[in-house]
Every structure is written in C-alpha cells, then in structure tokens.
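The following features are taken from TrEMBL:
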type	residues	note
SIGNAL	1-22	signal peptide
DOMAIN	38-368	domain 'Glycoside hydrolase 35 catalytic'
ACT_SITE	185	active site, proton donor
ACT_SITE	265	active site, nucleophile
DOMAIN	415-526	domain 'Beta-galactosidase 1-like first all-beta'
DOMAIN	552-610	domain 'Beta-galactosidase galactose-binding'
C-alpha cells in the first residue's frame with residue numbers, strides 16, 4: 001500500500017532512447033513528453049536515488065552516509081527540508097551546525113550525487129508536525145495547508161528565506177539539484193485546496209525561475225491524485241513492493257498521459273511505533289521488487305505501443321537515522337501512534353550507518369543495469385561497549401522547578417495549552433490544590449481527547465499514575481483540602497500525517513474531581529534542555545533528594561571513554577520511560593517498558609574522547625532499585641510484544 005511522504009529509498013529511474021544531443025555547455029534537466037523520459041543536458045537519462053534526512057544524521061557522519069550511498073550505485077539522493085528545524089520561532093532562523101542544509105547540499109555535489117529536493121513546506125517524514133512549525137498554532141484558528149491567509153503569510157516568509165539558498169544549486173545554474181517537489185502527498189490531506197497549490201506553484205516559480213522541474217508526489221488513489229496534482233506540476237506516484245506495478249502506473253497515466261513514469265517512494269522498510277512490534281522487510285523481497293521495476297522500465301520502453309518508460313520508485317529510506325530530542329512525529333490511525341526515537345526503518349543503511357544485507361542485495365540489482373563505482377564499500381562505523389555506568393538520583397522534578405522554569409509560573413483559572421504558553425516541545429507542569437477533603441477515593445478525570453499526550457499525576461508530590469491520550473484518562477485519589485496536585489504533561493510529538501495536523505498539546509480541557517472542574521492553576525513551562533545544555537545538574541550543588549524511586553526525577557552519572565569516541569547504544573535495564581542527555585545533547589526518548597526499541601543510539605561525535613562524559617536522565621515513572629545504564633555495541637529491540 002502506498003504511504004505518506006516517508007524517507008523513501010528515492011529510487012527514481014528514467015529510461016529512453018533518443019537521438020537528440022545537447023551542446024557541451026548547456027545544462028538542463030527536463031521532461032520529454034514525446035519519448036516519455038527525462039532529459040539531462042538534452043540526452044536521455046536514468047537515475048537511481050535514495051532518501052536521507054540530514055536532520056536525523058549528525059553532521060560529522062554526513063560524508064560517511066553519503067559516500068556509502070554513492071558506492072551503492074545511487075546517482076542521486078532525495079532530501080527533505082524540515083521548516084520547523086530551521087525557523088525555530090517566527091523570524092528566527094538556524095542554519096548552523098547540524099542544521100546547515102547548504103553545507104549538506106554542497107557535500108552531495110562534492111561526492112558526485114544529484115539531488116531531488118523536497119522542501120515542503122509540509123514534508124510528513126514522521127517528523128514533528130510533518131515539518132510545519134508548532135508556532136503556527138499560536139494562532140488557534142489557523143487552517144494549515146490551505147489558502148488561509150495567516151498560513152500563507154508564514155509560508156511565503158519562509159520560502160523567501162529558503163529558496164534563495166536553493167536557486168544557485170539548481171542543475172541548470174551549475175548545481176546538482178535536478179528537481180524540486182512542491183508540498184508532499186497533498187492529496188491525502190482533507191482540504192483539497194487547489195488554490196493553495198496554485199499559490200505554492202507561483203511562489204516556487206517566482207523564487208526558483210521557470211526552468212527548474214517542479215513535481216508532486218501522491219499515492220495512487222483517484223481522490224489523492226485529484227486533490228494532490230495541479231497543471232504546471234509534474235505528477236508522480238508512490239507505492240511499495242507487492243503493489244501491482246501496472247495498476248499503479250496506470251493511475252499516474254490518468255493524470256499524466258505522457259512523460260516518464262515515476263514512483264517517488266519505493267519503501268525499503270517501515271517505521272516503528274511505540275508499543276508495536278519492530279518492523280522489518282525481507283532484503284530479497286525488496287531487491288526482487290526493485291529488479292522488477294527496473295526490468296519493467298526496459299521492457300515497457302521497448303515493447304509497449306505507448307512506449308512508456310517506468311521510473312522505479314524512490315527508495316524510502318536508504319538511510320533513516322535517529323529522531324533526536326523531540327523531533328519524532330506521530331500518525332493518527334484511529335488512535336494516536338507516536339513514532340520511536342530510532343528511525344532505523346529497516347533501511348539498507350542502518351540507524352548507525354552500517355551497510356546491511358539489504359544494501360548489498362540492492363547494490364547487486366543495480367549492478368545489472370549500470371556500472372557500480374570503482375572501489376570497496378566503506379565499512380561499518382566502529383562501535384564500543386563502554387559497559388555499566390551507575391547513576392544516582394539528583395532530584396525529583398517538582399523540587400527543581402525554580403531551575404527548570406526560572407521566570408516562574410503563569411496563573412490561570414483553567415488549564416491552557418502548550419501553544420497558548422508558546423511552549424513548542426517537551427514538558428509543562430500544571431499545579432493546583434484539592435479544593436475539599438477527599439476521604440474516599442474520588443475520580444480524577446479528563447474530558448475526552450484532552451490529554452495530549454501523557455500526564456504524570458502527583459498528589460503531595462507522590463506519584464499516583466499516568467493519564468494517557470487514547471488510553472487511561474482517570475485515576476482514583478484521596479487527600480485533604482489544600483493538598484498539592486501536579487500534572488506533568490508530556491508532548492510525545494505532533495501528528496505528521498492524517499486529517500488533523502493541528503495537534504495541540506498539554507491539557508486541552510478541564511481536569512475534574514468527581515465531575516467537578518478543578519480551577520486556580522499555576523502553570524510551569526519547563527526549559528529542561530536549556531538548563532542541561534548549560535551544564536545543569538552536573539555543575540549545580542548536590543541536592544538532598546528523597547529516596548523514593550517513583551515519579552518524575554533526574555538521575556546523573558559520568559563515564560570515561562578509553563581514548564576513543566566510538567558510536568555506542570544505551571540500554572535502560574529496569575527503567576520505565578524518559579529522556580537521555582549526554583554532554584548536554586538530547587538523544588531522545590526511551591520507553592523500555594513499552595518497546596519495541598530497547599536502546600538509544602549514541603553517535604561517537606557526542607562523546608568526549610579520553611575525558612569525562614556527563615549523563616543526565618529524566619525518568620518519568622519509576623527508576624530501578626539500582627539505577628544504571630548499559631552501553632552496548634549493537635541495538636536491541638523487542639521483536640514481539
């Protein structure tokens with residue numbers, strides 16, 4: 001079945017037999033509607049590409065991953081640009097370090113790879129809010145991915161910053177970007193607003209010029225292709241192994257009677273959701289589907305009367321990487337389904353960038369159709385099992401609110417959302433008091449769909465349990481009038497695909513006690529990452545923490561690396577759910593008790609070779625009696641749940 005804009009092994013092929021030639025100085029990448037193929041510099045051209053997301057790969061590893069893709073026989077890479085990764089607040093841009101997209105694109109050119117660029121503004125990619133900035137929701141009435149004036153104003157402002165960086169890197173300008181996608185699988189969105197697509201087309205043309213090849217990608221359903229395509233944008237489709245290729249390309253032909261057949265996303269694997277089995281896809285199955293596609297292109301080209309030439313699918317993903325920090329998104333399929341920290345995707349290159357059996361199977365297939373680059377495949381990156389590291393409890397979260405929310409709380413009669421607080425990621429504490437004595441167990445409950453996404457409940461600073469979106473939304477509590485009631489709300493990632501990407505976070509409605517609404521709240525937006533990046537709690541004075549192991553609390557520890565800083569994986573034996581920082585870098589969420597992911601990937605570039613490395617853990621539900629971490633040289637999953 002076709003899928004949203006996932007990182008596909010961007011396998012795109014164009015085949016044709018033409019006799020036209022370009023002058024040596026001309027650079028162009030165009031559609032040939034007469035012969036149903038692409039033309040590069042006037043000559044028929046076929047490319048095979050794979051998807052990689054620079055935002056999911058630490059910058060020091062970019063060259064290694066791209067070189068392995070090149071040595072696999074790929075001639076191009078597909079690249080998403082996540083808007084929210086760069087415009088972190090309205091008018092505040094970050095193109096430095098890991099976010100230096102220009103440096104990444106220049107590196108692809110240096111290594112001889114062409115680029116199919118997918119700048120959105122919406123990208124899906126199982127990325128937080130599909131790449132749209134959460135600050136758009138500060139205007140609660142905004143209608144995303146439509147002609148809504150507030151949305152279009154924000155999009156235009158962003159495109160006027162991004163696209164001028166892209167224009168000099170277009171192929172006909174001397175760069176290596178051969179095509180640019182507009183929006184992403186828009187036909188799968190409810191709005192079906194062709195005025196919005198026309199606006200984007202006008203903006204892309206105004207900022208990139210008339211020569212660049214602009215395209216769309218949609219699944220093969222009639223509704224999707226009706227709503228996701230527009231004259232002036234070349235329509236491509238996506239589908240995976242096991243699809244009926246003839247039927248799928250027949251769907252594309254209904255909207256593009258002429259031109260190359262293109263599958264923009266050929267799924268080499270699949271993603272993981274928390275609480276579900278680890279996904280895997282047979283290397284032989286993927287390779288067989290790929291070879292069938294390549295062979296279909298040649299046979300259709302030579303034998304079918306219409307002379308259609310298939311563009312084998314964009315392979316999504318070739319390298320998945322990691323959803324560091326809070327960047328993992330979520331799907332909504334009847335219920336909220338958050339994506340794991342690992343975006344390994346069972347891809348040809350593993351999360352750590354290692355060649356897999358699937359990569360070599362694909363490489364073998366590619367070698368049947370075009371020569372491979374000379375030389376060996378670069379090896380797997382070195383791993384090191386640093387062993388056990390003991391941690392100690394530093395403090396309960398509620399005892400360090402002065403550090404985590406230095407500006408103090410906001411007073412509100414009733415709860416307000418993360419967006420109303422201008423809190424993009426992470427956590428918010430909602431504090432009130434019991435208004436009356438509760439000698440017998442009373443029901444603490446939330447209105448339907450108002451817990452977004454998990455609420456850790458403390459009464460008199462004692463952990464009572466967790467409220468969860470699409471899960472448990474009531475707890476029974478007892479207490480006395482004036483007892484403190486705190487709910488730590490966690491944002492698990494905004495929906496990246498589905499009808500509703502306006503995914504507000506926090507307490508979206510009132511909490512009630514025996515159906516009577518609670519009021520008079522103090523609300524603390526937490527800036528945990530700011531504190532940790534500044535060295536806290538390792539540079540702070542020791543806290544005299546309580547001995548309890550239950551409820552949200554910080555744990556710290558250190559370890560030395562033996563003169564090397566190699567990649568590693570961290571296991572959390574006996575821990576429940578939380579986040580891990582090493583040397584101030586947020587490595588993302590762990591959720592050992594739910595799985596399937598049991599380890600977090602730690603890039604060697606995060607570690608300090610031969611020096612002390614500082615570990616900070618925020619455990620949300622309960623730490624083991626002996627808190628320790630285990631550093632391994634390979635990842636672990638629960639394969640069945």
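Using N, Cα and C of the backbone, Cβ positions are placed for all residues, glycine too.
A Cα-Cα distance of 11 Å separates residue 185 (active site, proton donor) from residue 265 (active site, nucleophile). Mean pLDDT for the domain 'Beta-galactosidase 1-like first all-beta' (415-526) in the predicted structure: 95. Counting other C-beta atoms within 10 Å of each candidate's C-beta, the active-site residues 185, 265 are led by 265.
Taken residue by residue, the domain 'Beta-galactosidase galactose-binding' (552-610) breaks down under DSSP into 3 helix, 29 strand, 27 coil.
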